[in-house]
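Peer 1: The feature motif 'Q motif' is assigned by Swiss-Prot to 2-30. Taken from Swiss-Prot, the feature domain 'Helicase ATP-binding' covers 33-203, and the record attributes it to sequence analysis. If you look up Swiss-Prot, you'll see ALA46, GLN47, THR48, GLY49, THR50, GLY51, LYS52, THR53 marked as ATP binding site, on the strength of sequence analysis. Annotated motif 'DEAD box' per Swiss-Prot: 150-153, in sequence order. Feature annotation from Swiss-Prot assigns domain 'Helicase C-terminal' to 214-375; the stated evidence is sequence analysis. According to Swiss-Prot, the feature compositional bias 'Basic and acidic residues' maps to 481-490.
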Amino acid sequence: MQNFKELGISDKTVETLEAMGFKEPTPIQKDSIPYTLEGKDILGQAQTGTGKTGAFGIPLIEKVVGQSGVQALILAPTRELAMQVAEQLREFSRGQNVQVVTVFGGMPIDRQIKALKRGPQIVVGTPGRVIDHLNRRTLKTNGIHTLILDEADEMMNMGFIDDMRFIMDKIPAEQRQTMLFSATMPKAIQTLVQQFMKSPQIVKTMNNEMSDPQIDEYYTIVKELEKFDTFTNFLDVHQPELAIVFGRTKRRVDELTSALLSKGYKAEGLHGDITQAKRLEVLKKFKNDQIDILVATDVAARGLDISGVSHVYNFDIPQDTESYTHRIGRTGRAGKEGIAVTFVNPIEMDYIRQIEDSNGRRMNALRPPHRKEVLKAREDDIKDKVKNWMSRESEARLKRISSELLEEYDSTELVASLLQELVEANDEVEVQLTFEKPLARKNRQGKGNGSRRGGKRNNKFDNKNKRSKGNFNKKKGKKTDRRERQDKGRSTMKGRTFADLQK
């Protein structure tokens, strides 16, 4: 298997990729990168989860480093995908002075115009808003040498086929290298290829991650204010060897990590603002079992190749199928079984159905565990830990205290009291998570009115700075090296139980 350096990627970019956890190129990256560096047009038929963003993004960074002005334009069907692609490009280009700007509908155009005036090398946008900027001449095409169409079939389904033609016609074929990626190749896309591309190199690859039968996929319906309680109950009952937890934003990752630490879990967070040195430190801890919970954003976790991840928890539901693919693909590797659980607000069920329709299979509904299940799991865990502690030599002063207590109390009552304290430790620790509204309902008809609308579909609600306190009061002076055990047990959702899951 060729590595990135052998494919022609610079040492600086290879160093960045290694820090991100990318050790070897995926098949589509291995096939596409050499053609991209040679300047050839590429027609990539790739399903989600195959690494296609890296297939065009990694060599693109090599082509724009040291250049000024807009060098590359990337079209995406939705604002969410545009933002995701842009964030990953920023990750690929860390420390290389590459500027990436996003343009899409639903955001003030004046702010985007100011960003374009700063001369970014790469622009990522939705078709409608890109055309707005072309018509205003705030996006100039004279320096663009690379045009990339990501998820072209999805743009076609949303009614953007004419917009795609308009944009491709604005950038003369003789000056541009064109890369088009699509999961399917309907006739309209084939016509587009014949009309606007120059003898493209055809690269096909399939999605290995999503076809992996070793991953059991579940969703659980839960309200935002009950999500953290439910999540920690899952951790208590599942007792994952290694778990990756996905949050939608950097703020969410930071707050989740802090909340888990306050509850006694061994957790660290990863997102785009984490330095490379810190990222490497966190990944080393995770691989060496110094921490067992990694909280991450989608982009920060892409490319991670860590064996032994038994569980993936989507604390925030992913906004598209590709993100879901990458998330759950972190588990169920090397022939091992994995479990993926997605938390979903009742009004977000359209997103679950979209993922199911895209992947051709249904997720199973999973009921949050009852109080008795949680307590039983905690008790079993404490029993195992006590047995392990008994193998260690106790300090003399602790033995003296033990003797004094045994003279005053019955041994059975004394041990029971200590065990109860361990089982219920941290139950009253206060946590704070910023309240985030659920995603907007989807229009599942799959057809947009397209032209000039520029990605207004599937917009997220704006985050509100509401604060949500956990249902606990801080208990001072109580510490334990044990994971936090906390539960409210109010859910009555029907579905599979944990006993069913473990059969």
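First residue shown is number 1, and so on along the chain.
Glycine is treated like the rest: Cβ placed from N, Cα and C.
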Peer 1: So, three-state DSSP: helix, strand or coil for GLY51 (ATP binding site)?
Peer 2: coil
Peer 1: Is it possible to list how many residues within the motif 'DEAD box' (150-153) are helical, extended or coil according to DSSP?
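Peer 2: Its residues fall into 2 helix, 0 strand, 2 coil.
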Peer 1: For LYS52 (ATP binding site), what residues in its own chain, 6 or more apart in sequence, show a Cβ-Cβ distance under 8 Å?
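Peer 2: Set apart from LYS52 (ATP binding site) by at least 6 residues yet with Cβ under 8 Å, we have ILE28, GLY44, ALA46, ASP150, PHE181.
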Peer 1: Let's check the environment of THR53 (ATP binding site): how many other CB atoms sit within 10 Å of its CB?
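Peer 2: Total other Cβ atoms inside 10 Å, all chains included: 25.
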